[in-house]
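As recorded in Swiss-Prot:
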ACT_SITE  D247  active site, proton acceptor
BINDING   E22, I23, E43, T44  NAD(+) binding site
BINDING   P224, G300, G301, D302, I305, T330, A331, M382, G411  S-adenosyl-L-methionine binding site
MOD_RES   S128  phosphoserine
REGION    215-471  region 'Uroporphyrinogen-III C-methyltransferase'
Amino acid sequence: MDYLPLFAELKQRPVLVIGGGEIAERKIKFLLRAQAQVQVVAETLSPALADLAARQALSWRATEFSDSLVDDVFLVIAATEDDALNQRVFAAANARYRLVNVVDNQALCSFVFPSIVDRSPLLVAISSSGKAPVLSRILREKIEALLPTNLGRLAESASYWRNHLKTRLTTTEARRRFWERVFTGRFASLMVAGNSAEAEKALQDELDKPERETGEIILVGAGPGDAGLLTLRGLQAIQQADVVFHDHLVTQPVLELVRRDAELICVGKRAGEHSVPQHETNQLLVEAAKAGKTVVRLKGGDPFIFGRGAEELQAAAEAGIPFQVVPGVTAAAGATAYAGIPLTHRDYAQSAVFVTGHYKPDSAPFDWSLLAKSQQTLAIYMGTMKAAEISAQLIAHGRDSDTPVAVISRGTRDDQQTITGTLQQLEHLAKDAPMPALLVVGEVVQLHQQLAWFQHTSSAEGFNASVVNLA
């Protein structure tokens with residue numbers, strides 16, 4: 001992050017602007033909207049600035065710039081076409097630890113002006129850190145179109161009701177949940193439509209409803225890795241959470257989307273490492289919900305596909321805890337799509353089968369004859385440690401040893417790796433593949449070379465290192 005976004009209160013604070021032309025005019029208009037005490041240093045003023053000076057909306061010094069003018073101001077803006085003067089202003093401000101902006105010269109700026117969407121008191125600021133101003137402007141225009149013009153009334157009303165709410169709703173969590181209901185319900189739609197009286201009545205009705213004592217559990221699929229694959233409903237859920245229990249498969253970019261003051265607790269499991277037993281995870285979820293919290297159980301991929309999500313919701317149901325399920329993009333769909341491997345294709349596969357290689361020792365064995373059929377794609381989760389057995393059994397039950405296979409590691413992530421070969425090479429391919437990894441068996445794998453779009457690839461012949469750098 002090149003710049004820290006800040007909102008500065010400039011009301012009655014002195015701001016020095018060097019320059020009196022059109023460049024300065026644009027900045028001064030924003031400063032006056034923020035009620036700053038604008039001091040202009042320029043030999044002449046544009047007609048618009050001269051009018052503002054005549055109306056005493058700003059003060060004007062028709063003198064040359066001197067370093068001492070920077071001593072008693074809050075911000076400094078150089079808005080001239082004189083490069084030497086701009087350099088002097090920057091040096092003087094920097095030496096006195098004043099924030100300074102030299103218009104259209106990022107190297108001489110300790111702060112930059114963002115593009116602004118003004119729904120006061122609600123403000124949205126967009127910045128490209130000076131890299132792409134046009135992109136910032138385009139984003140601002142899109143956000144302008146999305147946000148209703150009356151949106152600021154919601155914030156004004158919230159400010160009015162805040163102190164009153166503290167006497168009715170005594171905990172921070174209760175107040176937050178109240179505002180989440182209000183801002184997504186009838187009150188918000190009425191206020192945005194301009195019907196303030198009915199909106200206030202709707203808010204009072206919501207306040208008179210009894211606060212629930214029990215929270216809820218929302219089981220959310222985080223997708224296979226790429227934060228862009230998190231569903232909109234999933235994003236809404238993690239933005240509402242009081243506490244998020246997540247596993248190791250949830251990537252950091254997804255976790256960064258969680259509400260900032262939500263508690264994050266890792267309950268993941270990894271082979272060979274200490275992990276939280278499933279029954280303890282179930283208990284943690286139930287206890288948090290019984291405390292009145294909105295609990296999100298965030299799982300990589302889809303929570304109902306080899307994710308043990310159903311077991312956790314069974315515990316919730318037995319405890320009488322309300323719950324929801326937000327599906328996610330499962331690894332077999334996401335990783336193969338990013339690797340350019342379609343799960344089905346009219347010429348190669350009329351079905352796709354998902355199986356797990358991490359099965360319970362006392363469970364019934366696979367129907368290998370069914371799994372070994374041709375004209376189908378086999379996607380195997382958590383199968384790298386059983387790759388030798390999987391390969392041997394499939395070949396023994398009739399699958400051609402030259403059937404194309406792929407091992408997709410860290411699917412949909414920036415460091416995704418796709419290694420291809422044949423079924424008889426599967427053990428070798430999977431041996432040192434980075435985790436998590438998905439095994440894919442089927443003729444559709446041969447389309448990878450033609451359809452791969454996200455990352456480079458490696459073949460069995462070139463795979464002789466513990467980690468293949470495919471970037």
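Every residue, even glycine, has its Cβ placed from backbone N, Cα and C.
The S-adenosyl-L-methionine site in the record is lined by P224, G300, G301, D302, I305, T330, A331, M382, G411, and its two most distant CA atoms lie 16 Å apart.
The least crowded of the recorded positions E43, D247, judged by other CB atoms within 10 A of its own CB, is E43. Looking only at the binding-site residues I23, I305, A331, the densest Cβ neighbourhood within 10 Å occurs at A331. Within 8 A of the CB centroid of the S-adenosyl-L-methionine site residues P224, G300, G301, D302, I305, T330, A331, M382, G411, the other residues of that chain are G223, L249, F306, G307, G328, V329, A332, G334, A335, Y381, L438. In this structure, the CA atom of T44 (NAD(+) binding site) is 71 Å away from the CA atom of I305 (S-adenosyl-L-methionine binding site). Set side by side, the recorded positions T44, S128 differ in how many other CB atoms lie within 10 angstroms of their CB, and the most is found at S128. Same-chain residues at least 6 positions away in sequence with a Cβ under 8 Å from that of E22 (NAD(+) binding site) are, in sequence order, S46. In this structure, the C-alpha atom of I23 (NAD(+) binding site) lies 53 angstrom from that of A331 (S-adenosyl-L-methionine binding site).
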